[in-house]
DNA sequence: GACTGTTAGG
């Protein structure tokens, strides 16, 4: 039993500073990985009724969902009350003193318009609007705290041929969207509004770069940064920090990051806590442990000592690399430098233990936290629940999940995905429905990973007919499939033995513009191997070679399987050889 | 007025 639980410990961590000694503090009853046998799991239901599952996933998640519009309608009603009753409050606001009386009455009309009819209202009032100072009206909407109407007004101005946008108007809307963390909206806004004709200030550019970074549009951020320099503006320390984050999240950008750090040095900009944590996190994503450590050592100077975020980022680098001794050394150094570990520090530490297979020690860190006066949060519990799941203690995981709220936490989409993934693996479909029901009543919106998990569940015999329906519902909810969605679906068909459907999806994936990854190819080979269609398997391997995707051990083993299935002896011998070769050269 | 670190599947 124990051997099975600890099978994942990387050999480097087998003799860590912290051996498998028992934690002396008794963990609370609900957290124990007790020696007792868990109750036998309920028998998996033979089929899952999609008719009961899909409504649980679909009711609340489209971007223009009913819940959003209800909330908007409520706000709008509240605003009307404000306008009808205490109309004067807003206009007595000294911050609106700059507004002309005409602009004031327009502001009043705009605030009282329901969002959906606002564009047509603006259109019918365009003569009045163009006669006033539109920037001041935009500013008033911002001060009134109504960024949604400000955005609609801005978009109307941008689309209206005779109105003219100005740099202050752009700065204003960028700042408002940034403050509201509407990064996706901000980044989309400038798909239609061309920025090239305007010169906005460096702070607004930085906010926009940040919006691109947060919505994953890294190439656009890089391009905008280039434009900023061409326009002759001087990036600030914050601009550099954002760009370091962009390159860090893109991955494989060591040279660019070093280039930016050099530029900063040339401009005599000192690294701050943001710079250091961002650069270290970037090293961690690329697995550059030595580089992270070197950068960290160079950082320390009489004028700069690392703060908690930097230490946590460094801890994360070692944690990801599975290096428990180095991770523990970071904690020690923090304490020596009177930098008090916080919840994030402990969450990373719990995750390190769990990742290394030390589930019990991970769970008992909850008690260490309690002793140190650090309250475990949703992230902590999500990690521990995931640990129980990995240890095969699904019932403990579930009971901790159901206790979360009593412990003062609100499960988030990560928590739900952890539990759903665990249950999907064990095909505990009845409980999946219960969890989805809870997810809905918590108002937690399923994301792409939730949908992919449900798609993976369709890889059960007899369920392949649901795959396309789930995909359609997913799209209907505004969640776009990604490469992993296709991989999941190909695997699902593979597990059901639907080789033809898997192949069809593979073509659809290419048509949708996603480059197949090694796992796509292996999923496809898996589907083919079961049928013994070695011709198809050979052509997949040919395709891999042409796309410069190196087949791995699994790929050759699946090719071998398809030969074996068809009793093709010559092919078997050859692929056995390739399989052995792949095994001896672990790259790829 | 802007910026950083933790958790989910494959």
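Each Cβ is built from the backbone N, Cα and C atoms, and glycine gets one as well.
Here TrEMBL flags A:16-50 as region 'Disordered'.
Taken from TrEMBL, the feature compositional bias 'Pro residues' covers A:36-45.
If you look at the repeat 'PPR' (A:201-235), the same-chain residues 6 or more away from its ends with a CB under 8 A from one of its CBs are 167, 170-171, 174-175, 177-178, 181, 183-184, 186-187, 190, 195, 242-243, 245-247, 249-250, 267. What TrEMBL lists as repeat 'PPR' is A:201-235 (among others).
Residues or ranges marked as repeat 'PPR' in TrEMBL: A:272-306 (among others). Long-range neighbours of the repeat 'PPR' (A:272-306) within the same chain, counting only residues 6 or more positions beyond its ends whose Cβ lies under 8 Å from a Cβ of the stretch, are 237-238, 240-241, 244-245, 247-249, 251-254, 257, 261, 264, 312-314, 316-318, 320-321, 323, 326, 337, 339.
Residues annotated as repeat 'PPR' in TrEMBL: A:307-341 (among others). The predicted model assigns the repeat 'PPR' (A:307-341) a mean pLDDT of 94.
Sorting each residue of the repeat 'PPR' (A:342-376) by its DSSP state yields 27 helix, 0 strand, 8 coil. Taken from TrEMBL, the feature repeat 'PPR' covers A:342-376 (among others).
Residue counts for the repeat 'PPR' (A:377-411) by DSSP state, with H, G and I taken as helix and E and B as strand, are 23 helix, 0 strand, 12 coil. Marked as repeat 'PPR' by TrEMBL: A:377-411 (among others).
The annotation repeat 'PPR' is assigned in TrEMBL to A:412-446 (among others).
TrEMBL lists A:447-481 (among others) with the feature repeat 'PPR'.
Listed by sequence, the residues of this chain that lie at least six past the ends of the repeat 'PPR' (A:482-516) yet keep a Cβ under 8 A from its Cβ atoms are 448, 451-452, 455-456, 458-464, 467, 471, 474, 523-524, 526-528, 530-531, 533, 536, 547, 549. Look at TrEMBL and you will find A:482-516 (among others) tagged as repeat 'PPR'.
Taken from TrEMBL, the feature repeat 'PPR' covers A:517-551 (among others). Here the repeat 'PPR' (A:517-551) has, by DSSP, the following mix of helix, strand and coil residues: 27 helix, 0 strand, 8 coil.
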Positions on the same chain near the repeat 'PPR' (A:517-551), where near means CB under 8 A and six or more residues out: 483, 486-487, 490-491, 493-495, 497-499, 501-503, 506, 509, 558-559, 561-566, 568, 571, 578, 582, 587-588
